[in-house]
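A.B. asks: Would you mind keeping the following structure in view while I ask a few things?
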Ligand SMILES: C[S@@+](CC[C@H](N)C(=O)[O-])C[C@H]1O[C@@H](n2cnc3c(N)ncnc32)[C@H](O)[C@@H]1O
């Protein structure tokens, strides 16, 4: 199985880039992982929030194949503990899933067509995080999940 994390917009903040790099470097020892950045829309001044979400959705859909298992990062999604998330990943790996795609929305969240395409959703908290910060938190949780599956000492309950 390979995992893709699809995000909208480049990260400019150094503190986030450094954190992401740290966990991406660790994660690559466990799984084939790809971070795909969909470029942020330019000249959005004349676009409504709904129009921006529609355009983002078109770019997201272009990245997806029919067989992909798509999981949206969404504050209203399903909640896991780190251990239950590691079990979820294990199930996907031993099941028939070839490509697991997690998606973090843009500043306004997801268009309804993306909700309709998704197979499931995942909440990191009831709180709303910036779409930039979520990528760091999620990559750390992915790394943590694989370290749990490997029985390595990173995670302490
Ligand atoms: C600023 S939030 C968008 C908030 C928007 N009001 C909504 O309804 O989704 C940007 C993106 O960050 C992600 N996100 C923010 N908080 C999250 C959380 N607690 N759990 C999972 N993903 C979250 C989601 O992918 C969301 O689309």
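Glycine too: its Cβ is placed from the backbone N, Cα and C atoms.
Just so you know, TrEMBL annotations are computer predictions that nobody has curated.
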A.B. asks: Figure out which of 73, 89, 142, 149 sits with 105, 124, 125, 126, 127, 128, 129 in the S-adenosyl-L-methionine site per TrEMBL.
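C.D. replies: Between 73, 89, 142, 149, TrEMBL records just one in the S-adenosyl-L-methionine site with 105, 124, 125, 126, 127, 128, 129, namely 73.
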A.B. asks: Could you check the binding-site residues 73, 124, 127 and say which one's CB has the most other CB atoms within 10 Å?
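C.D. replies: Output for this query is 73.
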A.B. asks: Ranking the binding-site residues 105, 128, 129 by other Cβ atoms within 10 Å, which is at the bottom?
C.D. replies: 128
A.B. asks: Hey, what's the widest CA-to-CA gap across 73, 105, 124, 125, 126, 127, 128, 129, the S-adenosyl-L-methionine contacts in the record, in Å?
C.D. replies: 16
